[in-house]
Amino acid sequence: MAKRSIRMVLTKYSDNKKKKKEGKGYIETVMNLIDFPLLDQTTPNSVISTTLNDLSNWSRLSSLWPLLYGTSCCFIEFASLIGSRFDFDRYGLVPRSSPRQADLILTAGTVTMKMAPSLVRLYEQMPEPKYVIAMGACTITGGMFSTDSYSTVRGVDKLIPVDVYLPGCPPKPEAVIDAITKLRITIKDYSINHHLLQKVSLKYFSNPKMQYLHMN
């Protein structure tokens, strides 16, 4: 049993390639690791020298709690990430059933005019800062229903702001992991001042907007 064991180590690389090193049975497994230069400045007394903004970003990108808003077949592809093959738990993602406990909403599938107020209400109930991933063609543009359907919203970004667009019909689980990685990189470079400016502009996405959609 000991001969067949593999030593697993974490190294600072940005891809998922495997590299062999010295010794039989030694495999170096590379995980997606987001580097923070300021967090590496330590002293012999184990004191970390960093800024409050970087520390907040580091803790947030390592513990994203998504609210899964699946309405169509794209969500089945996301469900496969929960299994052991893709194991999205390594990114710290813990699905939540309440928007008040989530900081990421993942929309997958067609959004209709009747569902639009509910989606906006869920987004407004999420605490700040919050992020959105639009998964699939139906969510991004309306998909095959965008040409002759009177009740389909032509893109979820007309209702809520989207941080990452994930095209496909449906996207592969590997593409979902890549979208989550890109979102984590975005969170790493997040600024509190940018959040304050963005918070003012997001007042456009509110319930009066829903009334406008229903009237037109």
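Placement of Cβ uses the backbone N, Cα and C atoms for every residue, glycine included.
Worth saying up front: this structure is predicted, and the values here are computed from it rather than measured.
Annotated features in TrEMBL:
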BINDING   C73, C74, C138, C169  [4Fe-4S] cluster binding site
DOMAIN    73-183  domain 'NADH:ubiquinone oxidoreductase-like 20kDa subunit'
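Recorded features from TrEMBL, shown on the structure.
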residue : record                        : Cβ within 10 Å
C73     : [4Fe-4S] cluster binding site : 14
C74     : [4Fe-4S] cluster binding site : 25
C138    : [4Fe-4S] cluster binding site : 27
C169    : [4Fe-4S] cluster binding site : 11
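In the three-state DSSP classification, C74 ([4Fe-4S] cluster binding site) falls within a helix. The DSSP secondary structure for C138 ([4Fe-4S] cluster binding site) is helix. Listed in chain order, the extra residues whose Cβ falls within 8 Å of the Cβ center of the [4Fe-4S] cluster site residues C73, C74, C138, C169 are S72, A108, G109, T110, G136, A137, T139, G143, G168, P170.
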